[in-house]
Ligand SMILES: O=C(CO)COP(=O)(O)O
């Protein structure tokens, strides 16, 4: 079971919803997270249960970033809008930076998202179970 986060900027939300519908069967066994509005949109159109954080501009990216900082998050699909300025740009940069700090796979466009979802399907990230299992403070 991986921890996967979905984040999409407004003009990318339809693309995100269609993507998650297409691969719903891949995401079902995993623990899913999202920023506020993205999660609402996905849950309206799929049967997935998603833990929703705050909306991005209100701190949602930072909340997901906090899990990344603790090496808790396994993979992020973040469909960014490259053509629209975001009021919380610093939060977005901070989240992507933390993904690079921890070496967390993060797709920022649909083409990379497709590659990652195929990798999830193949079990390429199963090693992340070990990260969680042997983390300091983990139960076992
Ligand atoms: O702004 C976002 C990510 O930077 C996304 O937030 P929402 O999912 O709440 O729209």
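Glycine residues also receive a Cβ, built from the backbone N, Cα and C atoms like all the rest.
Using DSSP to sort the residues of the domain 'MGS-like' (1-140) gives these counts of helix, strand and coil: 73 helix, 20 strand, 47 coil. Sequence annotations record features per position, and here TrEMBL assigns domain 'MGS-like' to 1-140.
TrEMBL lists 9, 13, 35, 36, 37, 38, 55, 56, 88 with the feature substrate binding site. Over all protein chains present, the Cβ of residue 88 (substrate binding site) has 17 other Cβ atoms lying within 10 Å.
Sequence annotations record features per position, and here TrEMBL assigns active site, proton donor/acceptor to 61. Close to residue 61 (active site, proton donor/acceptor) in the fold, though at least 6 residues off in sequence, lie 7, 35, 88, 91, 92, 94, 95, each with a CB less than 8 Å from its CB.
Of the listed binding-site residues 35, 37, 55, the Cβ environment within 10 Å is emptiest of other Cβ atoms at 55.
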